[in-house]
Amino acid sequence: MEIGFGNGEHLAAIARQRPGWGCLGAEVHTPGVGSLLLQLLETGTNNVRIVHDDVVTWLQTLPEALLQCIIIQFPDPWPKKRQQKRRLIQPDFAALLCRLLVPGGELQMATDWADYAEQMLAILNATPGLQNTQPDAGYAPRPDNRILTRFERRGQRLGHAVHDLCYRRLT
Ligand SMILES: C[S@@+](CC[C@H](N)C(=O)[O-])C[C@H]1O[C@@H](n2cnc3c(N)ncnc32)[C@H](O)[C@@H]1O
């Protein structure tokens with residue numbers, strides 16, 4: 001599952017490369033959903049289901065241990081101090097993601113905002129049931145599946161470094 005897939009370029013690529021997977025994407029922004037649908041149509045990709053809704057509310061309705069992999073790339077950074085409570089990655093949301101992963105399932109995140117990366121690392125490292133895949137419990141190498149998206153290109157223009165994070169649900 002990819003949460004906040006933006007214009008869907010990553011989800012479309014991953015679904016195309018892995019036709020045996022059942023992929024799920026969530027996005028609130030209607031043009032992004034349209035863009036993903038168009039890419040799926042043009043490439044004849046039929047292993048993706050889309051949730052066009054606020055993912056937080058929707059995920060709460062799902063049963064435990066459903067997903068093999070959850071990916072969140074470049075969540076909205078809300079850089080101003082007074083807006084940071086709107087950031088998606090919060091302790092309760094991390095606990096929800098952990099509950100939805102199958103044991104051994106993988107959680108991948110990436111951000112180009114250094115202070116958000118630190119916040120994610122602190123929250124996820126402290127989430128019971130999640131284990132950082134890195135021996136030093138720090139940032140992970142870039143995963144093979146992560147292609148260069150519009151938001152990473154934007155970060156590059158701003159001179160931001162990207163931080164990747166990777167966790168597994170403990171069995
Ligand atoms: C900065 S964009 C990154 C898009 C994409 N992941 C990429 O790397 O190009 C963050 C995306 O998350 C979506 N988003 C934010 N909160 C969401 C929520 N609660 N449910 C679903 N999508 C959400 C936004 O609409 C936006 O498209």
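Residue numbering: from 1, along the chain as shown.
Even glycines carry a Cβ here, placed using N, Cα and C.
Keep in mind that TrEMBL annotations are predicted by a computer and have not been checked by a curator.
Just so it is clear, the model here is predicted, and its values are computed rather than measured.
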Among D53, D112, indicate the single residue that TrEMBL lists for the substrate site containing K80, T149, R150, F151, E152. D112
I'm trying to understand the geometry here, so how far is the Cα atom of T149 (substrate binding site) from the Cα atom of D76 (S-adenosyl-L-methionine binding site), in Å to the nearest whole number? 14
Taking the residues E2, E27, D54, D76 listed for S-adenosyl-L-methionine, what is the greatest CA to CA distance in Å, to the nearest whole number? 14
With every protein chain in view, how many other Cβ atoms are within 10 Å of the Cβ of R150 (substrate binding site)? 11
Listed binding-site residues adjacent to ligand 1, that is, members of E27, D54, K80, D112, F151 whose C-beta is under 6 A away: E27, D54, F151
How many other Cβ atoms sit within 10 Å of the Cβ of D112 (substrate binding site)? 20
